[in-house]
Amino acid sequence: MISLNLSPSLNPGLLHKTRTCQQPTRLSALLVTNPKPFNHRHPLGLSPIPNLQIRDVSAKPLLSLTNPESSSGFSRKPRSIAAVGSSDSNPDEKSDLGEAEKKEKKAKTLQLGIVFGLWYFQNIVFNIFNKKALNVFPYPWLLASFQLFAGSIWMLVLWSFKLYPCPKISKPFIIALLGPALFHTIGHISACVSFSKVAVSFTHVIKSAEPVFSVIFSSLLGDSYPLAVWLSILPIVMGCSLAAVTEVSFNLGGLSGAMISNVGFVLRNIYSKRSLQSFKEIDGLNLYGCISILSLLYLFPVAIFVEGSHWVPGYHKAIASVGTPSTFYFWVLLSGVFYHLYNQSSYQALDEISPLTFSVGNTMKRVVVIISTVLVFRNPVRPLNALGSAIAIFGTFLYSQATAKKKKIEVGGDKKN
């Protein structure tokens, strides 16, 4: 075995002595170039020979050129081919890169527009046909159960035909999901009860107060919020109060249903963050599908107990009111399918965009839904009622901005730590 120690101050004579002191080796076992005068570009005195390999017949490397930092005490990082190419690139290549970036931005903008467009459209369709069905069949427990049933069937079809990856279901996951599914059930049925009692626009105005409950419950559980978040909920409270006082179709049951729905969905979100931390591999759509199935198991037995005896006579009244059974079936079917679709789109939108963009989009969604339902059902709106609704929705926008800044600060602090 021949051992060589190369450094910038290598003495060729020392190399000769080292070789003569060792056992004789064959000429093919060693390849060394003749020493040359000191060259500033190559301080080892070696010319740069591409792919020069120095090997011994014994299969062990005779000479290994490693990182200079570990052998000679200095660092010399070679310029990569990509770096050389980029420095000498012509303006045409730079313009091509700029065009590619512009096309990518346009594609993302188009994709974002499609996601938001589908989300808004599906939400509008659900709210319109859900209200149409409830106007002739005022039994929200059955209708809410059917909507969960439609979503459950939809997800089972996707999983069965491998149109969407099926999540790995385990006993710990089901146990962790029991709480969020229960609160989701409470939020969904309460909203349906509210829709059956009052105008859709009024329910959505009251549901815009969800951030108020989120801040209160999260604070009780130990979370802290900056002053800007607390100030942002003031216009929400004021706007909802003004809208409730001036609402033409005011009903205490409708108001209570919307408020309970806020509590249910807030507790669902809080409980999900705490109980599902160990199941982050399950994406939002699969999580919502599992919640829908469990919520159906929660809701339908209670629905039979609450209003099951009224379903048959209520059905006959609904058919008599509409005129044809197919029209009534069409309304109910659309309410169920589009209830799932708009929730599916919301989860997909959340995967594609930032939480801030999502919250702003969700705020604007309420505006679009309120205006659409007012136009479709021709609900009378007083000026003060419209003002209160606008103040409440503006408050939700301020809340989304304030919470987004809070999350940015938290993420920045985590990176520094």
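Residue numbers in this text run from 1 along the chain shown.
Note that Cβ sites are derived from N, Cα and C of the backbone, with glycine treated the same way.
Of the candidates ALA83, ALA100, ALA107, ALA349, Swiss-Prot marks one as N-acetylalanine, and that one is ALA83. Taking Cβ pairs closer than 8 Å, the transmembrane segment (318-338) reaches residues 122-123, 125-126, 129-130, 132-133, 136-137, 143, 146-147, 149-151, 154 in its own chain, all 6 or more past its ends. DSSP states for the domain 'EamA' (127-243), grouped as helix (H, G, I), strand (E, B) and coil, give 94 helix, 0 strand, 23 coil.
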